[in-house]
Amino acid sequence: MKKFSLLSTRAGAVFLAPAAALVGIFVIIPFFWVIFVSFTNQTLLGRTALEPDFVGLQNYVALFNPATFFTRGQFGFSLVLTIQFVLLSALVGQALLGLVLAWLSQAVSPSLKTFLQTTVIAAWILPEVVIGFAWFAFLDYDNGTLNMIMRSLGLPPGDWLLQQPFRVIVFFNTWRGAAFSMMLFNSAFQSIPPSYFQAADVAGASSWQKLRDIALPLIRGHIVTDLILITMWTFNVFTPFLLTNGGPSYRTEILSIYTYRIAFKDFEFGKGAAVGVVIMLINLVFALAYLRIARIKTAEAE
Amino acid sequence: MQISRAVYVQRLGFSAVAALLGAIFALPLVWFAFAPFNARAELGLAIPKPFTLANFATVFQNSFAMQALFNSLVQALGGVVFVGTAATLAAYALSRSSVPGKGAVTYILLLFSSVVSGSAAMVPIFLIISAAGLIDTHLAVILVFAGGLLPTAMFILRDFIDAIPRSYEESAMVAGASPLQAFFDVALPVIRPGIVVVVVWAFVNIWGSFLIPFILLRSDNLMPASVAIYSFYSEAGTPIVTLLAAYSLLYSLPVIVLYLFVNWKFGFRFFGGIKS
């Protein structure tokens with residue numbers, strides 16, 4: 001069946017042109033360019049800035065060199081750190097906390113719900129540098145709010161950014177990003193017919209039983225979507241840089257910060273591009289998984 | 001009755017946990033509610049005595065800081081104009097025309113845009129902007145953001161337009177309107193809420209981000225507030241807390257206002273994952 005189209009193919013092409021040009025230049029070309037650069041020894045300055053040499057797989061060999069792979073400040077160390085960062089702050093932190101927040105929101109009074117959601121969403125929408133500085137003040141050794149609380153509870157204060165930098169960025173990213181999971185699960189819970197829960201109430205089910213036996217099985221699709229999206233975003237997030245600069249001594253240098261250091265502090269564009277390619281490959285796996293699920297869902301809806 | 005008491009205790013427990021979590025989330029931000037209004041603010045939490053606007057007066061007199069807010073505005077508005085216009089036209093075409101392969105286009109674009117993220121694309125984006133001779137210009141920042149945000153913006157808008165009945169435009173065209181008239185006079189007013197959401201989303205994204213201007217700009221007089229805020233550090237590297245706090249609040253205001261606006265107008269919910 002051929003649908004009558006409101007816009008001719010030619011007009012459609014004209015309408016698409018501006019977007020195509022912008023996306024082509026700033027999304028598609030970078031994709032191929034970064035692959036190309038990763039096989040060269042391009043730098044910012046000097047002869048290799050203008051006439052980079054083709055070096056084959058040299059950048060990749062350097063990244064995956066087993067002798068230094070896990071050394072601090074090297075690629076492997078950053079990769080392992082990033083995986084831990086994603087597992088702890090996205091999968092455990094954001095997703096689990098988001099689920100708890102959404103479930104609590106369904107059960108408490110409207111005013112408490114508004115308070116809870118407002119604080120969680122504020123952490124998410126405020127500009128990252130503002131959040132970065134707020135946390136810097138929050139964690140300050142002498143006067144920070146956290147140590148003030150620790151002292152008033154009789155607990156030892158800590159110089160958190162120096163002693164526990166990795167835990168700090170894990171908590172920070174959990175705090176910063178929980179809103180997305182919370183909102184996604186909120187709308188998922190609201191899509192469940194209330195009669196299901198009413199029936200469970202009549203049968204005397206506890207909240208935990210309702211969550212485990214009714215809600216969770218019904219929102220399985222949302223959970224998978226949430227996990228994939230937050231994994232992808234956390235994998236690429238640069239914000240911890242604003243708290244720790246990747247330090248002290250590379251202990252919080254996740255891959256995005258590592259790439260920045262190699263490319264824009266050491267000016268080794270070739271090597272930075274090679275890291276970029278590895279990051280893109282990992283992103284690709286998650287993006288394909290996400291699109292596959294999104295398509296299945298659309299197909300089911302139609 | 002035994003059960004209702006159990007339910008009551010459970011409700012109470014839920015409320016207590018919710019209040020506690022809300023408080024924990026608020027804690028790192030509480031400092032911000034006070035410090036901007038405290039003339040002697042430090043990193044510690046203190047109720048301002050007396051309550052003062054002196055910090056804001058100082059920030060307003062700092063021409064560099066004001067210039068940075070203006071730069072943020074130029075870059076965010078510039079980006080929004082590009083994203084809004086290009087996404088509206090493209091989403092409309094993808095929804096209403098018979099351009100071949102349009103079903104796959106949105107998915108492929110989304111795929112690319114999520115693969116080519118900030119950290120992976122740093123190097124090639126810098127090289128492209130450098131090759132185009134645009135390093136250290138507002139235009140560079142605007143174009144890079146426009147390209148990066150467009151796929152998601154198109155995706156959100158296309159969903160929105162697909163949900164609008166085609167009969168609106170069809171009846172206009174039966175009544176003698178040209179396709180362009182049908183787009184501008186009939187479709188555009190109906191799509192407007194979707195465009196507003198996309199525009200607000202793009203604005204908040206550009207306004208708040210740090211990495212791209214940090215990489216692409218060099219001159220002080222082009223820096224947006226997200227980068228310029230680091231100038232409120234003394235030469236010894238310690239922050240000038242009073243000014244930083246006041247400036248942070250000023251810089252956050254547009255985001256808060258836009259959030260409240262969207263929340264009031266549409267109810268804050270998802271439009272295809274509103275934040276990247």
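Just so it is clear, glycine is given a Cβ too, placed from its N, Cα and C backbone atoms.
Just so you know, TrEMBL annotations are computer predictions that nobody has curated.
Summarising the annotation, TrEMBL assigns domain 'ABC transmembrane type-1' to B:69-262.
Note on the transmembrane segment (B:12-34): residues 41, 43, 45-48, 245, 248-249 of its chain, located 6 or more positions outside it, place their CB under 8 angstroms from a CB of the stretch. Per TrEMBL, the feature transmembrane segment maps to B:12-34 (among others).
Under the heading transmembrane segment, TrEMBL lists B:73-95 (among others).
Taken from TrEMBL, the feature transmembrane segment covers B:107-132 (among others).
Feature annotation from TrEMBL assigns transmembrane segment to B:138-157 (among others).
Among the features that TrEMBL reports, transmembrane segment is placed at B:195-216 (among others). Beyond the transmembrane segment (B:195-216), the same-chain residues lying 6 or more positions past its ends with a Cβ under 8 Å from any Cβ of the stretch are 72, 75-77, 79-80, 83-84, 87-88, 118, 122, 125-126, 129, 135-136, 140-141, 144-145, 149, 153, 156-157, 160, 223-224, 226-227, 254-255, 258-259, 261-262, 265-266, 271, 274-276.
Among the features that TrEMBL reports, transmembrane segment is placed at B:236-262 (among others).
Here the transmembrane segment (B:138-157) has long-range neighbours at 71, 74-75, 78-79, 82-84, 86-88, 90-92, 94, 106, 109-110, 112-113, 116, 121, 125, 129, 132, 191, 194-195, 197-198, 201-202, 205-206, 209, 212-213, 216-217, 222, 224, 271-274, 276, meaning same-chain residues at least 6 beyond its ends whose C-beta is under 8 angstroms from one of its own.
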